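*Asks:* Just dropping this structure here.
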Amino acid sequence: MAAAVGDSRVSAGKKLKISLRKKRMKMVVASVASELEDKDKDASDNEGSLGSCGLEKDHFSSGDEAVEADNEDEAEPREDDNDSAAEATAGANAGWADAMARILSKKIPESKPTILVRNKELEKEKEKLKQERLEKRKQLDKKREWEMMCRVKPDVVKDKETERNLQRIATRGVVQLFNAVQKHQKNVDEKVKEAGGSIRKRAKLISSVSKKDFISVLRGMDGSASEKNSAGKNSKAKQTEAKSEEGPGWTILRDDFMMGASMKDWDKESDGPDGSRLGCGSDSDT
């Protein structure tokens, strides 16, 4: 745009110069013509028709010279205009080429697309990256759901009783573990005392002690606890069996209800607690 504005200004200045030259030439021609007319008038009075013919020839010759001068002046600026226009176009093309070369030679960051082709490629790459991230997030969400499927956060306020039971179980387990450790240590100390002061026997005893011994002691503790629990359960079961062996107060609840009675005497069966038959029918007959 700046080059075009400069070219227009140059052409306008040249046109003004040409117009001023033309005006000057016209003024010169007019002054020469007026002088010739004055001379013609003077010569006409003295010489006559011959002088007038010569003046006409001079007038025409001067006019032709003026026209030729104008044509030459017009031809010269036209050539100058053509040369200046060619130079201006060449300069504009060179400037445009330089600007494009600078733009293309610049190292542009990927985040700022300046060319449409690069912009499209970057958009495609960004879409691919977004899809990959979404797929990874979906896979991670699935894994978390699978891991957290059976996990439930306990509510301490609502599950107070369950928490207390768990605490009791934990305390029992810890107490049992420490008791087993203490018992195992006592057993080892007793065996060492029995061995006496011999170092070999002590070394053999210490080497013979293994994890299995401790686990057996721990299992023995578990067995004793389980035996106690089983004994308590057996006593409770026996009590329930004794209660069940006792006959119910109502005869309908017995297992042998209506097993020995005949169907004809069904209306004579009493609903009393003693199970005796009432002879209502016989009394009424008598």
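From the backbone N, Cα and C atoms, a Cβ is placed for every residue, glycine too.
Pulled these features from Swiss-Prot for this protein:
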COILED    112-148  coiled coil
COMPBIAS  65-84  compositional bias 'Acidic residues'
CROSSLNK  K243  SUMO1 cross-link
MOD_RES   A2  N-acetylalanine
MOD_RES   R9  citrulline
MOD_RES   S11  phosphoserine
MOD_RES   S62  phosphoserine
MOD_RES   S210  phosphoserine
MOD_RES   S270  phosphoserine
MOD_RES   S284  phosphoserine
REGION    33-93  region 'Disordered'
REGION    220-286  region 'Disordered'
*Asks:* Can you tell me whether DSSP puts S210 (phosphoserine) in helix, strand or coil?
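*Replies:* Looking at the DSSP assignment, S210 (phosphoserine) belongs to neither helix nor strand, so coil.
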*Asks:* Show which residues of the chain containing S210 (phosphoserine), separated from it by at least 6 in sequence, have their CB under 8 Å from its CB.
*Replies:* none
*Asks:* Averaged over the coiled coil (112-148), what pLDDT does the predicted model reach?
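*Replies:* A mean pLDDT of 83 is what the model gives the coiled coil (112-148).
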